[in-house]
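Chemist: Here's the feature list from TrEMBL:
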{"type": "COMPBIAS", "residues": "1-12", "note": "compositional bias 'Basic residues'"}
{"type": "REGION", "residues": "1-31", "note": "region 'Disordered'"}
{"type": "COMPBIAS", "residues": "19-31", "note": "compositional bias 'Gly residues'"}
{"type": "DOMAIN", "residues": "61-425", "note": "domain 'SAM-dependent MTase RsmB/NOP-type'"}
{"type": "BINDING", "residues": "Cys179, Ala180, Ala181, Pro182, Gly183, Ser184, Lys185, Asp210, Asp237, Asp263", "note": "S-adenosyl-L-methionine binding site"}
{"type": "ACT_SITE", "residues": "Cys316", "note": "active site, nucleophile"}
{"type": "REGION", "residues": "430-495", "note": "region 'Disordered'"}
{"type": "COMPBIAS", "residues": "451-460", "note": "compositional bias 'Polar residues'"}
{"type": "COMPBIAS", "residues": "700-720", "note": "compositional bias 'Basic and acidic residues'"}
{"type": "REGION", "residues": "700-790", "note": "region 'Disordered'"}
{"type": "COMPBIAS", "residues": "727-740", "note": "compositional bias 'Basic and acidic residues'"}
{"type": "COMPBIAS", "residues": "768-777", "note": "compositional bias 'Polar residues'"}
Amino acid sequence: MGRRARDRRRQQQQRQERGGGGGGDQAGWAGGYPEIVKENELFERYYRELGIVPAGEWGDFMAALREPLPATLRITGYRSHAKEILHCLKEKYFKELQDLEVDGQKVEMPQSLSWYPEELAWHTNLSRKILRKSPQLEKFHQFLVSETECGNISRQEAVSMIPPLLLNVNPHHKILDMCAAPGSKTAQLIEMLHADMDVPFPKGFVIANDVDNKRCYLLVHQAKRLNSPCIMVVNHDASSIPNLQIDVDGRKEVLFYDRILCDVPCSGDGTMRKNIDVWKKWTTQNSLQLHGLQLRIATRGVEQLAEGGRMVYSTCSLNPIENEAVIASLLEKSQGALELADVSSELPGLKRMPGITKWKVMLKDGQWFEEWKDVPSNRQTQIRPTMFPIKDEEKLKAMNLERCLRILPHHQNTGGFFVAVLIKKSPMPWNKRQPKVHQKLPQRTGETEVTAANSDNGSECITEEPTLAEESKKAQELQNSDTEQSKKEGVCGPPPSKKMKLFGFKEDPFVFLPEDDPLFLPIQKFYALDPSFPKMNLLTRTQEGKKRQLYMVSKELRNVLLNNSEKMKVINTGIKVWSRNSDGEQFGCAFRLAQEGIYTLYPFIHARIINVCIEDVKILLTQENPFLSKFSSETQKKVKDMAMGSIVLKYDPDPEKPDDLQCPIVLCGWQGKTSLRAFVPKNERLHYLRMMGVEVFKAKRKEEESESKTEEEVQHRLAQTEEGMDVEDKEHDLVTKMEAEIGEESSHSPVESSAMEIENKIEDLEQSSKNANSHVSQESKDTDTSNVKG
């Protein structure tokens, strides 16, 4: 413990030194980095020779790379109040920045990204140091902190937003995010699934994978802010992620994804503007070492893609060895099964360069090679045939490599990026029977059996599901045969899969509630749940003892979980919908509603709903335990005949009062004998108050903290103590611990650290609320990590 504390102190001192170094006020505007030499002769020589930058633009290109990267933020698109947040930003906070000067310099107004839909993405040159130099900027800073922790705003590099947009996701799509951590792109995918907020359970889902066990918890932390029942986080090597199965009308069929995001680990030379170390560490060796891994991951992705499906391959590198070479090799091996999509008409306003068709390979000593036959035998372990462009002109033309996108930093003041959109037209040639594989589910009597069946079209079916050991053995045999064949032909065959490895923490089980579980009946009666409520989708994280929390997943994710428990390592899935309350049984139900799942539950609840006016909402969010007499007479009448316990508080906007908040709000609450209170996390409180035009200042919060605690608050604190630590506590503790261990960067891949890193230091709205919020939801803290791969 002492060592970790010392490490944290040392990291804080280093950040402070960086923040104060180099050039006084100008350093603050440049993001607070100390002066370093942003030069790399090999980098300039390499990219000049490749000609990826248009003639006459090299100076602008290098000048842009030496400038700090603007901070960008994205308003969560699927929330019903996204428009309210945008209105609040534009009409309140941005207006306050007009004509504002800090140390004699005029503050630049944030600008929307012209190519991002509905003005939901913005960029600004404001650094953290500048944000703290004036009261107006500090309020803006705190607004960003609070909204980020609530999940209403995401800090994400501009170019990182492109791949999810080009996937063209619909709510019914089954999506795989192969290298997902820390999760900003995953969050975009979840938003797209929930495009229609009136549908609590979209038919689609996102399976977000990452090879790094620790980064999986950052991914969980990011995804949880969006409160979706359609997200599952798994921990596998993307190049050997297992085939999953689902039950389709009584048969087991292989799960193929409609959309796959393949944002692979890369050398990251497109991130030089924020990852300053790249300047001194850059070498062509990085790309040569990553090429094989990138090709294996991309190949595994297209294998699991459904026919007609779309996969986006992306990197934050400018290097064709990691980009066009991987795509060209994949297209060649697919023998026409894949094609590059023409996305030139998508994202109008985005400036892009077409993919290139000619490139050379360079070693770190500066030696060039134009063809595989020129590579000496002692270099053939470093350089592989797939790194070179295709020599057959007809084949090369048919690949349409110009349909790839390369984003150059100087064109729109962004980082460097590469994107390719692939469409699967037919099964991969080494997997021709893939879409037809299925098996019947037997009637289970005693031991489970797998029986063979013939499909209607006469194709063969597998007779039993191979075990993990058998799959690994087959993969090894394929690898050996492919390697021998490749040696004979002088080319690389389909990259073989590696044996799946499981590591990290052993996760608690996911246990679905049995249909006849007596636990559910009191809940159903107390909240008058609709008969259509999918109770089979409820699960817990314990097999023995009292069930403390109830979670919910969509029907489709339940199908995946039940049929693949031995195949995949699930880190997290589902949203919390009910929490056990130690004294709740005396009120007719031992479980109270959880705020994070209330928008999913609300359509099914027909009792214990209180409609409140906007003034009542303000009272609920600004006072800890207000007496009933403080509320409107209409609210008092509704509460009068209602039993004590957990309740739903619903606000519906009045179209005839356009100055009031114009989006609906659903809150979890508790009705006591003489009081009414809301169980809402502190940052969500601040969010709703800001949307209603109420600014909560620190002084006010400190004053409220000194208020006396009621007996009911004490009971809830005791309840929290009795409950102990559940799986979410473990995840939150790990995320906090990781701040000290990995800081702002990860060894998995180059990272994105926004220049506008927002510290998570807002004081509690009230101390007792802090305990209640911990009891209600575990989104009490956001890490200071805004890292994104590619």
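Any Cβ shown, glycine's included, is placed from N, Cα and C.
The model shown is predicted, which means the values in this text are computed figures rather than measured ones.
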Chemist: Validating a neighbour-count step here. Other CB atoms within 10 A of the CB of Cys179 (S-adenosyl-L-methionine binding site): how many?
Modeler: 27
Chemist: Measuring Cα to Cα, how many Å separate Cys179 (S-adenosyl-L-methionine binding site) from Cys316 (active site, nucleophile)?
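Modeler: Cα of Cys179 (S-adenosyl-L-methionine binding site) to Cα of Cys316 (active site, nucleophile) measures 13 Å after rounding.
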Chemist: Can you tell me how many other Cβ atoms are located within 10 Å of the Cβ belonging to Ala181 (S-adenosyl-L-methionine binding site)?
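Modeler: For Ala181 (S-adenosyl-L-methionine binding site), the count of other Cβ atoms within 10 Å is 29.
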Chemist: Would you kindly give the Cα-Cα distance separating Lys185 (S-adenosyl-L-methionine binding site) and Cys316 (active site, nucleophile), rounded to the nearest Å?
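Modeler: Checking the Cα atoms of Cys316 (active site, nucleophile) and Lys185 (S-adenosyl-L-methionine binding site) gives a distance of 13 Å.
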